[in-house]
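Here is the structure we will look at, set down as structure tokens.
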Number of protein chains: 2
Amino acid sequence: MQKHNFSAGPCILPQSVLQKSAEAVLNFNDLNLSLIEISHRSKDFVEVMDNARNLALEHLGLQNKGYQALFLQGGASLEFLMVAYNLLEKKAAYLNTGTWSDKAIKEAKLLGEVVEVATSKSENFNFIPKNYTVPKDADYFHCTSNNTIFGTQMQSFPETKIPMVCDMSSDIFSRQLDFSKFSLIYAGAQKNMGPAGTTLVVVKEDILGKVSRVIPSMLNYKIHIDKESMFNTPAVFPVYVSMLTLQWLKDLGGISAIEKINNQKAELLYNEIDRNPLFEGFVTKKEDRSKMNATFNLRNDQLKATFDDHLKQTGINGLNGHRSVGGYRASMYNALPLESVQVLVDIMQSIEKGA
Amino acid sequence: MQKHNFSAGPCILPQSVLQKSAEAVLNFNDLNLSLIEISHRSKDFVEVMDNARNLALEHLGLQNKGYQALFLQGGASLEFLMVAYNLLEKKAAYLNTGTWSDKAIKEAKLLGEVVEVATSKSENFNFIPKNYTVPKDADYFHCTSNNTIFGTQMQSFPETKIPMVCDMSSDIFSRQLDFSKFSLIYAGAQKNMGPAGTTLVVVKEDILGKVSRVIPSMLNYKIHIDKESMFNTPAVFPVYVSMLTLQWLKDLGGISAIEKINNQKAELLYNEIDRNPLFEGFVTKKEDRSKMNATFNLRNDQLKATFDDHLKQTGINGLNGHRSVGGYRASMYNALPLESVQVLVDIMQSIEKGA
Ligand SMILES: Cc1ncc(COP(=O)(O)O)c(C=O)c1O
Ligand SMILES: Cc1ncc(COP(=O)(O)O)c(C=O)c1O
Ligand SMILES: [Mg+2]
Ligand SMILES: [Mg+2]
Ligand SMILES: [Mg+2]
Ligand SMILES: [Mg+2]
């Protein structure tokens, strides 16, 4: 049965990318060798890494603007620490909009003072705080563009003179933004970019080298930049699949093209959540709704078994909400076709009709 | 043309493992979903992680002995730092037998005093120092069992009461040792275990929790243990391929079975290096020779073009020595068949005959 994969991450990837990745595991570039058994210093893999780094900057419109793209190991979770290690001298400002921001704050506190400019924690993060002030004397401001667990997404970012750092793990490459407003962007690959195991870091070089501490080699962005993201052995397969996905996005017309489809998917689903009396959204303010992760509940718990059964029969995968929110979460990343959302909406309508 | 892959890492993996890995990228466990697009918290992937962890302990004979196996990101290079973060309170003892030991020492020095018990650096690491003393009051003793770059391998390990930590990146699962003598073993996957992107850490739990510093979450072994190696999203594909390779090794008869073949391969090649007047080994003492990485030189530089051409014609891949050693390096990891070594030896003999 064909699956409709709404998983929150790792998540759906383009079918053509999966096909090419499987082929490369058997025979890469007609070398009669697998992608995963050649040296990372070989011409063939260095080209993959270069392409991946260039494509990332190209999609974000950050080529020739003083930025470097890195593909590191450790996940976004290691970036929580690395950001602070590389940038936090005295004080940093964090906006707390969800579990991931909260974890980023925890790691940063080990290295300096953290000012939480605003938080929606007491409301289980069901909205995005606004009208906060970012202290001018902080070393940087950190935010999470999309809150994967709660289904909120920042629609605007503060104007600030200090470097802005953003965890874009769950909405990178999904919508146009002026990315040059950010001094550092990071994102675990396993949503819009590739398989788990590599993390994209895009950093403006001139913000580095300003802290007084000695930074361990593996945590030091400057060292990774100097070694062109090959200070040590990179995660070859995840980087390759990410490169293919970035190429797929380019062939499709880039972020502006995928954004139109993402808007259609989100509109289709949220309209149904609102219209259908059986369902309600989790996020309190509509303007804070995430186009990547739509969180919603069944108003009547007694229908749960029927709904879940429909989901299963139709091949819908990964729709359970995160344990800290409950209910349902439909993750609609770049590779998810509009058709899958339509299948979900059809089910929502059919249980309304008592089918 | 069939390839004979002598690459130093990433390196050859069993053909059956590559086949299964490619299939899983298209359709995993008959789910009609790719391995890389399902949640790492799904039953199917949790089973992979559990199997991988259990197989690692089983091969090392460390089940039910107070050890935990973890599959982390960051490569062995991040372990250089993590080892010190978790274990170094005041002073640590390191044996310096190569570039990798040297790098491990560099990171440890950021966190405490490092005593280098012995080093072969002044001789470009062409032998393993012996007869050194490990200070009894150090927090731990660190060594590198096999020096990938220089082709030396430790045949014996010191008897010491302090915890022994070993970087086994390039010879893990290749030979029988009393692994219970080690309190912590780590190894980047990309030699005998799998593709780049995951690192095995096997740690005796009772050595943890003794340093006074606060350890950042991602660097804290205890946190990774408590979360069963899923504190954050693991490198799904590299862990899966590692699990398959560990299963392949088990089906083959385990470490003791593969060790016999590894001994045959090493004997075959070193005998030829010694016998053949055109070649000489790099390592000065025969007892220090690595069975994984054989480093050797052509005595007559003028034959280089001919030899290299023969290698190319025969499909031999990855035989160039590391830039810091020069010459040639034949890496003969577990998955390399004896037949490939025979092909190499045949070429060495044919250029001797002037063919
Ligand atoms: C927004 C966000 N940040 C950080 C993370 C943590 O990423 P990782 O598991 O790669 O460390 C996630 C994971 O889902 C996420 O959604
Ligand atoms: C013995 C040894 N230790 C450490 C490393 C570094 O591993 P990684 O590149 O995964 O950080 C290597 C890499 O080849 C190695 O051979
Ligand atoms: Mg969140
Ligand atoms: Mg409704
Ligand atoms: Mg070495
Ligand atoms: Mg000789």
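Each residue, glycine too, has its Cβ placed from N, Cα and C.
Quick caveat, the model's predicted, so the values are computed rather than measured.
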Of B:Q63, B:Q190, B:Q247, residue recorded by TrEMBL at the pyridoxal 5'-phosphate site of B:A76, B:S77, B:W100, B:T148, B:D167, B:N232, B:T233: B:Q190
Recorded positions compared (B:R41, B:K191) - highest count of Cβ atoms within 10 Å: B:K191
Residues B:A76, B:S77, B:W100, B:T148, B:D167, B:Q190, B:N232, B:T233 binding pyridoxal 5'-phosphate per the record - widest CA separation, whole Å: 30
Residues near B:D167 (pyridoxal 5'-phosphate binding site) in space but at least six apart in sequence (CB under 8 A): B:A76, B:E79, B:W100, B:S101, B:A104, B:H142, B:C143, B:T144, B:S145, B:Y186, B:A187
Chain A neighbours, restricted to the binding-site residues B:S77, B:T148, B:D167, B:Q190, B:N232, B:T233, by C-beta under 8 angstroms: B:S77, B:Q190, B:N232, B:T233
Close-lying binding-site residues around ligand 2 among B:W100, B:D167, B:T233, where CB distance stays under 6 Å: B:W100, B:D167
Same-chain residues at least 6 apart in sequence whose Cβ lies under 8 Å from B:S77 (pyridoxal 5'-phosphate binding site): B:K103, B:G188
Spatially closest candidate among B:R41, B:T148, B:N232, B:T233, the listed binding-site residues, to B:K191 (N6-(pyridoxal phosphate)lysine) (Cα to Cα): B:T148
Integer Cα-Cα distance in angstrom, B:Q190 (pyridoxal 5'-phosphate binding site) to B:R41 (L-glutamate binding site): 24
